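Working notes, structure below.
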Amino acid sequence: MTPPPTSTVPPYVSLIVRILTLICLLISFIVIATNNQTVSTVAGDVKIKFKDFYAYRYLIATVIIGMAYTLLQIAFSISLLTTGNRIGGEGFLLFDFYGDKFISYFLVTGAAASFGMTQDLKQLEGSDNYSKFLNTSNAAASLCLIGFFFAVASSIFSSYNLPKRI
């Protein structure tokens, strides 16, 4: 009797998904890092930027960590494509599996914190003055969320690549 077939994902598919993840996270980083607006108040003009809010700082942190992990995984994927050998052998598959799970859910917490902060700020009186800032923050969080979906796809692929043990 032959063993059941294993489902594996071709390395180039995994590489493409990781590159798409990196692109979304990079654009999210650029959008949130450059997000600022000058608002006129009774006390004078005030420049608001992402650094003024903990949730947006958290979004930047999750995006940076996500980009670092994704760059590492892209390097490993390129190595697998060019040499045909997986770095670290079968033990690396567990790092890949757990790392993908952690990073994907870490990214969604950054996006969720940013969405929540934006929603809270929109409910404040006078939020029309800084709606451009809030909309740009939502755009960055949305890109992080799209990056999360690509990271989940990578997570599913790494689950398929685990050896089947009975």
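Placement of Cβ uses the backbone N, Cα and C atoms for every residue, glycine included.
According to the topological domains annotated in Swiss-Prot, Pro10 and Met117 fall on opposite sides of the membrane. Counting residues 6+ beyond its ends, the transmembrane segment (58-78) has Cβ neighbours under 8 Å at 11, 14-15, 18-19, 21-22, 25-26, 28-29, 32-33, 50, 86-87, 92, 96, 99-100, 103, 106-107, 109-111, 113-114, 140-141, 144, 147, 151, 154 in the same chain. Model confidence over the topological domain 'Cytoplasmic' (160-166) is summarised by a mean pLDDT of 67. Asn129 (N-linked glycosylation site) sits 12 Å from Asn135 (N-linked glycosylation site), counting Cα to Cα. Taking Cβ-Cβ distances under 8 Å and a sequence separation of 6 or more, the neighbours of Asn36 (N-linked glycosylation site) in its chain are Lys47, Ile48, Lys49, Phe50, Phe133.
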